[in-house]
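Student: Dropping the structure in here first, questions after.
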């Protein structure tokens, strides 16, 4: 790997230098060829294994943990930081630079009495979801590899330590700006320094002045809205939408007790530590705005409040428009280039009626959408009909849907288009759990199989049909722990 060290050299007060502590008996558990290409790597080697496991130095790496704060479940925590993630620097690739981080690399000054380690199950889950979201077309950080060990660590019980090698376009979070506004008061110069760095690195078309700052914040608002629209359309629940888990670039970031929906449930909670459902699936759009408001508060020393509010007021429109675009494609509806607010509302109601029907009939979210690939939209009798209990209610919806759809001349092409946007394969929690259990037993084949299938989520892959089925009773709607 070839590195540059812009964050390390230009922002010395934004991190602590810390070196990883190696893990015993490191071995590859998973490797992403797709992610490796981003930083010009070929095959996993023993030398690379030793370097990324913390047992040997990586040439050109600087090793540091970033400091930030954040709002966690609504309350402000003044000092967080990378408690178990150590960044090596920005690795150069054919299409730009990517931060390389060792998640589980050992304790840092921000570990808050933790051991700085990640357990194998959480490392595998982060690897799988990073790559799954990418291949579904959702903005996300990436995962290069998972490195296992025989090092014992204690959570609820004894587990083994592992390292996820994460790639990110940037590790700058909403919480970075909050730290230098709230926790380090009177340091507007640091806010400006961080803001200028962010613009130069990731928004080179914007000037480092008030006009550029205003344009940048509006872009952050729009990117965040688009990200959450993706989550709602694909049926993804993040689980821990704290402001320190929000990427300034609008990428899915810092995965913990996430879940893809099995049965559609608007108020689905995937996080065992969130009994009141602050971060439930249906709450994500509102939390996205709330988090942006916290970021806006942190930026008031450098951007006037009126300008911040004006940008925040664009959030709902950006969210709805992107969500409509994604859902219209899923349904096969033509995009209305010059749609009116009334027409948009009609489409939202049509979509909403269908998801309500899904919830009332306890239908599988992804599999129901996939059924549109076998639908003859010109037929008065829908092949979806047998899935519903209240046939009158479905028939009324289907008639409204056909009226909005209009005439379809090439049914086969229409069906293929639906299959290209409605995935057959998603990372169901029970599939991840089965792969993790197999790894614990020394069998990597289920993990490798699942990873390869998730690389082509829209393909039929008939030999892997079992991975597309609804989960068994024990695996339906699994709620995960935050411990990792």
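For all residues, glycine too, the Cβ spot is worked out from N, Cα and C.
Feature list, courtesy of Swiss-Prot:
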type: BINDING; residues: 81, 83, 84, 103, 115, 116, 166, 173, 254; note: ATP binding site
type: ACT_SITE; residues: 244; note: active site, proton acceptor
type: BINDING; residues: 245, 254; note: Mg(2+) binding site
Student: Over the residue list 81, 83, 84, 103, 115, 116, 166, 173, 254, recorded for ATP, what is the maximum interresidue Cα distance in Å?
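Tutor: About 23 Å separates the two most distant Cα atoms.
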Student: Quick one: Cα separation, residue 81 (ATP binding site) versus residue 244 (active site, proton acceptor), in Å?
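Tutor: Cα-Cα, rounded: 9 Å.
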Student: How big is the gap, in Å, between the Cα of residue 84 (ATP binding site) and that of the residue listed as 'active site, proton acceptor', rounded to a whole number?
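Tutor: The residue listed as 'active site, proton acceptor' has its Cα 14 Å from the Cα of residue 84 (ATP binding site).
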Student: Identify, in sequence order, the residues in the chain of residue 244 (active site, proton acceptor) that are 6 or more apart from it along the sequence and have a CB within less than 8 Å of its CB; answer 'none' if there are none.
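Tutor: The answer is 68, 69, 70, 71, 72, 77, 80, 173, 174, 175, 254.
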Student: For the binding-site residues listed here (115, 254), tell me which residue's CB has the most neighbouring CB atoms inside 10 Å.
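Tutor: Counting every other Cβ within 10 Å of each candidate, the maximum falls on 254.
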Student: Please report how many Å separate the Cα atom of residue 115 (ATP binding site) from that of residue 245 (Mg(2+) binding site), as a whole number.
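Tutor: The Cα atom of residue 115 (ATP binding site) is 20 Å away from the Cα atom of residue 245 (Mg(2+) binding site).
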Student: Restricting to the chain of residue 166 (ATP binding site) and a gap of 6 or more, list residues whose Cβ falls under 8 Å of its Cβ, or answer none.
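Tutor: For residue 166 (ATP binding site), the qualifying residues are 85, 99, 100, 101, 102, 103, 126, 130, 141, 142, 143, 144.
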Student: I want to check the contact list for residue 245 (Mg(2+) binding site): same chain, sequence separation of six or more, C-beta distance under 8 angstroms. What comes out?
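Tutor: In sequence order, 70, 173, 238, 253, 254 meet the Cβ cut-off.
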Student: What three-state secondary structure does DSSP assign to the residue listed as 'active site, proton acceptor'?
Tutor: helix
